[in-house]
Amino acid sequence: MTDRKNLTTNQGVPVGDNQNSMTAGRKGPTLIEDYVLIEKLAHFDRERVPERVVHARGAGAHGKFVTKKSMKKYTMAKFLQEEGTETEVFARFSTVIHGQHSPETLRDPRGFSVKFYTEEGNYDFVGNNLPVFFIRDAIKFPDVIHSLKPDPRTNIQDGNRYWDFFSLTPEATTMIMYLFSDEGTPASYREVRGSSVHAFKWINEEGKTVYVKLRWVPKAGIVNLSTEQASQIQAKEFNHASRDLYEAIENGDYPEWDLYVQVLDPKDLDSFDFNPLDATKDWFEDVFPYEHVGTMTLDRNPDNIFAETESVGFNPGVLVRGMLPSEDRLLQGRLFSYSDTQRHRVGPNYLQLPINSPKAPVANNQRDGHMPFKQQTSSINYEPNSYDTEPKENPAFIEPEQEIRGDISGRLIAEKPNNFGHAKEVWDRYSNAERAALVKNIVDDWSQVREDIKIRNLRNFYQVDPEFASRVAAGTGINLEEHVTDLK
């Protein structure tokens, strides 16, 4: 017979009765001296942390990444040097706008983030399933998210709010075309693609720099839902994507994605009619070919969702040697914001949590703060110092010098905005069925939207392709010709 496992308080003291509070007699009031009761209630009151302001609803899993082709000609990142190198990873998939317990069938971009625990420290890939974003400058990030979030007076999402914002933000048009395609309602997390959205810099041992974008392609294929299919699933189940991922891994049907890199030589940066570092612009595969990097396999579910999936923190600025951020204006803002939100949400020592802690050794002078549990014990907590046993800076890891483009500082309008050119490319690449789905999904979403807002959006759509605008206008009963004569 096995030894009985005692229920205890968080102080390790065994609990004799977990069913009844301590009272002053059978009919008297509860006693404040009941430590078991007070500890239990006080901890329950603090079980939750603030949910993420975006990407709150998520599912995650552990796995490994295997490098299939050496990337040493592009980057000195050690985990990408040799074929066959295995790196532990944790991946988190999410919806972007809606809350933690919202239906996973809602139209929304899907977050696609991967933490690589490399021997040189952590590397965070922080992307989405869709290859572009609504805005090109981080100063507009709070605005676009506010427009998509519920009305602060009614707590109800209102299409008038986000379509109003979109109509006055023409750079969002390409993202609209992806989001309101059926790719805005994926069938499962196992069947979504992933994109870095932003360009980054890779630097090799010779100091040569290239710009790159990264793409994840699911081996299961990209599978999406029509609006009708999503509604049918939502009527029965609003955890379908989390359940599918969990059950597939439990059953040994491990999902896999191939990672590809697209490469741009800096000397070619000005060779296009758009800015390749603009997050509202895609790098189409026929212009920027895919090169296979490796394969990710997810093979273990979290043991504790809160401690892992909910507490994991990502930042696109968490890069290893041989990688740097690009000058992308949206990316530059995210470099600050992502870690800042984790410090607010989880705490200043969130990187000490096991899910965030690197496998590589950590040695620095960052001490104390709220809830530190991996204390560094040396009495020397400053640098420079004269003690040989203390950690010292290593010039071998200084970031390579990078050319600065431009010599004027200020609030400058982005060059080559080309707000509709890539949207036109997307429209031209869509099949007849994909075009029909896009038009239908927009028309359906406009059922409660004011006519003046519809007209402003139709004017943007007209500048993408007159056929696109005319089909949406026909679906909403608007005479397009009355509103676009000045655009002809």
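From the backbone N, Cα and C atoms, a Cβ is placed for every residue, glycine too.
Residues or ranges marked as region 'Disordered' in Swiss-Prot: 1-26. Beyond its flanks by at least six residues, the region 'Disordered' (1-26) meets 33-37, 39, 43 of its own chain at Cβ-Cβ distances under 8 Å.
Feature annotation from Swiss-Prot assigns compositional bias 'Polar residues' to 7-23.
Here Swiss-Prot flags His55 (among others) as active site, drawing on sequence analysis. Around His55 (active site), the same-chain residues at least 6 positions away in sequence with a Cβ under 8 Å from its Cβ are Arg92, Ser94, Thr95, Val96, Gly111, Ser113. DSSP assigns His55 (active site) to coil, not to a helix or a strand.
A strand conformation is recorded for Asn128 (active site) in the three-state DSSP classification. Non-local contacts of Asn128 (active site) by the CB criterion (under 8 A, 6+ apart in sequence, same chain) comprise Val96, Pro109, Arg110, Gly111, Phe112, Gly194, Ser195, Val197. Positions annotated as active site by Swiss-Prot, on the basis of sequence analysis: Asn128 (among others).
Other C-beta atoms found within 10 angstroms of the C-beta of Tyr338 (heme binding site) number 20, with every protein chain shown included. Annotation source Swiss-Prot lists heme binding site at Tyr338.
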Helix, strand or coil for Tyr338 (heme binding site)? Use DSSP.
helix
